[in-house]
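A short worksheet on the structure shown next.
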């Protein structure tokens, strides 16, 4: 009886420990992309009034419910996502706890083998925390910070060395080598996809029936410029991710500072503007340009199949889970991402060709692998071989 009570309490502790970590992940998700330290200020604060939330108003899950999703100081709305991140983290921690302890359980009692499964649970909890943080940051900002990707990959290699069972190995040295190789596979595999995608889908063309205005503006001098044409608006960093990226504008007229051109083809690069006027080519450094506008009949913009952060994210996933997980994650993320993208387009929630974050689908694919991946692969190949 005492064992059952203790066992139940420990199961509850695993869930609520996850919810507590989820509260910290909310801090990471909000602060990390904004360049705010996760340690200073130490206490969480209201996004609206900056009120520092006391500990008794920051109890995971319960505080949000008791305060009905509002700040106790200003009454401002606190997004339900704070609650959902805590709940999701708690659920994932509990599922990891159940899965790993079940693998070591003898007669329903895993506790004699705590020394074996305990470190594995801790490593997978860290992995789930990285997946959750990366997912919501990518949804909000379309970025995956190096702290999560590269830092996570280093942590994954160390975890696989200390707990080789993470990558289905028993020896520490083999765990280390498999982790490093899997991280390399994740990086190289998705990098190849990015490069091939750039070759196949690296340009998007806009053709106008009537000429449309085109302009580079910088509303805030502390922010990067934006390119505006017709009904489209692109941030500079979204267009020019590589030094080789260029935008090609077919102009009926072009104005650069006080200089005017007639019908020309202009190429906008990251640091320069090239204007082709007949057989003559003018190259103008952008640092000396204060005014750049045109009337255009066609605009061709550069684009990426996916961001480089996704490549590093899969590298981190490989470091924690092994090469089989890398292959499974790429396939699963591609299928799930395609299904969601089609649904969003059909329902009108997003336009065809609109930018979507791929990190959440990689995270979901990796999570599926942790819980059901090997079983799914065995089931699939048994069906294929049976046929």
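Cβ coordinates are placed from backbone N, Cα and C, and glycine is handled just like the others.
Annotated range for transmembrane segment in TrEMBL, selecting from 280-310, 311-341: 311-341. For the ranges 143-163, 206-226, the feature annotated in TrEMBL as transmembrane segment maps to 143-163. Between the transmembrane segment (361-381) and the transmembrane segment (117-136), the number of CB pairs under 8 angstroms, six or more residues apart, is three or more, so the stretches are in contact. If one looks beyond the transmembrane segment (117-136) by at least 6 residues along the same chain, the residues whose Cβ comes under 8 Å of a Cβ in the stretch are 18, 21-22, 25, 28-29, 32, 81, 85, 88-89, 92-93, 96-97, 100-101, 103-104, 110, 144, 148-149, 152, 155-156, 159, 162-163, 165-166, 313, 316-317, 320-321, 359-360, 363-364, 366-367, 370. In this chain, the transmembrane segment (79-97) lies close to the transmembrane segment (12-31): three or more C-beta pairs between them fall below 8 angstroms, excluding pairs fewer than 6 positions apart. Within the chain carrying the transmembrane segment (311-341), a Cβ under 8 angstroms from the stretch's Cβ atoms is held by residues 123-124, 127, 130-131, 134, 144, 146, 148-150, 152-157, 159-160, 166-168, 178-187, 189-191, 193-194, 350, 356, 358-359, 361-366, 368-370, 373-374, 376-377, all 6 or more beyond its ends.
Packing against the transmembrane segment (143-163) from elsewhere in the chain are residues 32-33, 119-120, 123, 126-127, 130, 133-134, 137, 169, 172-173, 175-176, 178-180, 183, 307, 309-310, 312-313, 315-322, 359: each is 6 or more residues past its ends and has a CB under 8 Å from a CB in it.
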